[in-house]
Each structure stands twice: as C-alpha cells, then as structure tokens.
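So that you can see what the record holds, here are the features copied from Swiss-Prot:
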- 1-23: signal peptide (SIGNAL)
- CYS71-CYS105: disulfide bond (DISULFID)
- CYS91-CYS117: disulfide bond (DISULFID)
- 120-178: domain 'Sushi 2' (DOMAIN)
- CYS122-CYS163: disulfide bond (DISULFID)
- CYS149-CYS176: disulfide bond (DISULFID)
- 177-261: domain 'HYR' (DOMAIN)
- CYS264-CYS306: disulfide bond (DISULFID)
- CYS292-CYS319: disulfide bond (DISULFID)
Amino acid sequence: MAIQLTRRGALSLLLFLTPAVMPTWYAGSGYYPDESYNEVYAEEVPQTPILDYKVPRWCYTLNIQDGEATCYSPRGGNYHSSLGTRCELSCDRGFRLIGRRSVQCLPSRRWSGTAYCRQMRCHALPFITSGTYTCTNGVLLDSRCDYSCSSGYHLEGDRSRICMEDGRWSGGEPVCVDIDPPKIRCPHSREKMAEPEKLTARVYWDPPVVKDSADGTITRLTLRGPEPGSHFPEGEHVIRYTAYDRAYNRASCKFIVKVQVRRCPTLKPPLHGYLTCTSAGDNYGATCEYHCDGGYERQGTSSRVCQSSRQWSGSPPVCVPMKINVNVNSAAGLLDQFYEKRRLLIISAPDPSNRYYKMQISMLQQSTCGLDLRHVTIIELVGQPPQEVGRIREHQLSANIIEELRQFQHLTRSYFNMVLIDKQGIDRERYMEPVTPEEIFTFIDDYLLSNEELIQRREQRDICD
C-alpha cells in the first residue's frame, strides 16, 4: 500500500532528519549537546576528537591570579597549552596555593586539575590588659604590630610581632605590668597648744590624697601613728601613711604633729611648808596650794594658778610660827584656832605627881619631832581647883577655859585619861593608861592623815631619825 513505508525508507528518513535536531558542539569547550524534551533522536556515542599535538591551543591558556604557571610542552617553544603540556603552578609572596601544584593538558582538552592563590593571613591578635597595639597592614603577611601600655604601666615581653609566611605571629604576647607606685600627699604638719590643766591636745586632720597612676585603684591605706582626733602628749609625733595599689606597689608620706604645753616657772615650797599641785604642777591651768608644817600657819594667798601668759597668779605666801591666843572667852574659841590646822592630844591628871602622867609626859617630850611632823599640839590639864593648871606649851589657860574643856571632852579629874582629837575637832581615840609615841603615831598614820599628808610623810620618812 502507498501509506506503508518500507524499513529501508524509514531509516533513510531518520538519518535525513537527524542533523536538523542536533545543536552546535564546540570541540574542547567542555560542554556537551543539550537534550530537548520536545525532540526525539537516535542515541549516539559522542565523537572522540582527533588528537593533534601540533595544535598550539589544545587546552585553554592557564592564567592564575596572584600566581604563576611555568609550563613545559613536548613541542617546546611557545606551545604553553598544547596537548601533553605540563604546568607547575606557584603563587606570589603573600599567597598560598590551594589545589594542584602541577597540571597537564589532557586529550579531553581540559587541564588535569584546578588551583588558585589565596592571600595569606594571620589570626587577629587578642588585646592585652591595660594596653593596645597598632599594625602596619592588618593581619596580612609582613604586617608589624607594635604594642604599647596605658599610662602607669610598663611593657614586658616582645614590643613588636610580625605576621610570618606560616600564618603565625613572631614572638610571644607581651603583658602590661603596673610598676609605678601610687601618688600620695599627706596633710601639712601642725602644731597645737595643750588645753588648760591638761598635758595633751586633741588633734584632727584630713586623710591624705591618694591616686594611682595606673588604673586608679588603691587597695589599702595604712596609718602608722594615732588616729585623727586622738589626744597627743607634749612633744613631736610623726604620722606616716602608706598606700598600696593592685600590683602591691606602695608609696608613703609623713607629717609631724607637735603639741606644746604652756608652762610657768617651777614654784618653790615655802620655808616650813610644802606645795600640793594639780596636773603637772607647772602647766597652764595648774593650781598649787600652799601648806605649812605643824606649828606654823600660812600668811598670804592659799593657792596660785598658772596662767596662759606663763606666769603665776598672786604672790607666794609664807609660813610663820603659829600664834595661840589663850585670851578667849570660851573653850570653843580656843579650839577653833586649831580647826583644820592641828590635831590635839589633851592629857588630864589628878595631880602633877601622878605616875601615869609623869611617864606619859616623859615619853612625849622625847618625841617632839614626830608630834610636829603629824601636826599634834599637846594640852595639859593637871591638878584640882583652885590649884589646877592648864597650859599649851608656855601659854597658861584660865580656870574657865579648863572647866569648859573638861566638860566638852568628858575628862575627869579623878584619874589619868587622855583624848586624841583630829583636825575637824572630832574625838578619835581615848586612853586610860600611858601609851608610847609610836602607838599614837601609828594610829594617826593609819587613820587620820590626808592624801597630801601621806605623800609628805613618805618624803619625810626619815626626817626625825
């Protein structure tokens, strides 16, 4: 039938149509014909190009950026990309080759491998504490980084590091060390006068001004000496402060506190007397009281005060022998003369021949020094009226005064009796028999002496020996 095609006719039609559906193929380009899903064609094996060693550009010309290709062709000369050519690849300084170091132009019109040059870099340097660095070319090859430290710090280690070809930095990482001591300024030295009646002065001051030249941190401030607001005794006192920073660097400063005491000339005790003074006895505000020994009384001011002008107030008194006035109207008037001045030992006996009386008077006459030292005056009441005698030393008492004394002190005429009266007029001890002066002195020393008298007794312990 006319509509049927023979097998031979059908094959001829397919061969005729094939060139119309095949795209252009560029030998050595590396590309292959595209397939079209809209067309159907007979599958064929690609044609193998004919090898020709004479073609000068069998493979594409090698061009490696930031590098160089050194090629050796079997043809020699200028054949750098002919079939069989072998090229050695290298990079410029500062670049590293990534890929094949050697490639060859293959029959497939391709090179046997790929490679490229990558710029060499070192890792970014870490920042150092209390310091910094500057680099000439960042992290690239041959870049030099110079280190520096903040004010107050010293660089220890490599001052510069260079980026080397192996991607490492030369040297080691330095450190910034705080070597500068803190700055410290103490307050000015000062001088102060002691207060009245005191030998010390309270002194205040502001704390020192301290600053660290590095990070500004002061870890410790120590004081050698009294604290501000303390009481300072007379003289010069050195106050020292020491400051420490974090690196244990230290700095010190000092100033002087001087305390002065206004003093008056040293007073001398009066003849037959002594002084008792407050405080140091010669400093501003001190008060000195004048006292007279037993048997003497003071004439003049009782005390003097050291003034701010460094002079004593008033004039010095004197101690004169005590005058006893027996021409008084009563026993009370007689005793008032001894109030706070003398102690009284009143002896009563029936008659001058009384054995106890004679024994007691004999012992007391041998101890007049001890009696005067303890401010003791003896009053004798001896005999019976109208021949009764009363006397104080050489002074005779009237009969009226004798009677009042007996009644006031409860002294009988019937037998020997004796009473010891203190400086306040109080009956302190009674005796019915003679006693030794040592017993009387012991009682007075143990119970009747004032603090001032105790001090004087210690100073005059051997005066009667």
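Every residue, even glycine, has its Cβ placed from backbone N, Cα and C.
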State the count of C-beta atoms found within 10 angstroms of the C-beta of CYS105 (disulfide bond), not counting that atom itself.
26
Same chain only, sequence gap of 6 or more: which residues have a CB within under 8 Å of the CB of CYS122 (disulfide bond)?
VAL139, LEU140, LEU141, SER143, CYS163, MET164, GLY167, ARG168, TRP169
What are the DSSP helix, strand and coil residue counts for the domain 'HYR' (177-261)?
0 helix, 49 strand, 36 coil
Cβ packing number for CYS292 (disulfide bond), 10 Å threshold:
23
At the level of the C-alpha atoms, what whole-angstrom distance separates CYS105 (disulfide bond) and CYS91 (disulfide bond)?
20
Could you measure between CYS306 (disulfide bond) and CYS117 (disulfide bond) for me? Cα positions, answer in whole angstrom.
103
For CYS264 (disulfide bond), which residues in the same chain are close in space, meaning a Cβ under 8 Å from its Cβ, but six or more apart along the sequence?
ASP282, ASN283, TYR284, ALA286, CYS306, GLN307, ARG310, GLN311, TRP312
In three-state DSSP terms, the structure that CYS292 (disulfide bond) belongs to:
strand
Long-range same-chain neighbours of CYS91 (disulfide bond), Cβ under 8 Å, sequence gap at least 6?
ILE64, ASP66, GLY67, GLU68, LEU97, CYS117
CB neighbours of CYS71 (disulfide bond) within 10 A?
19
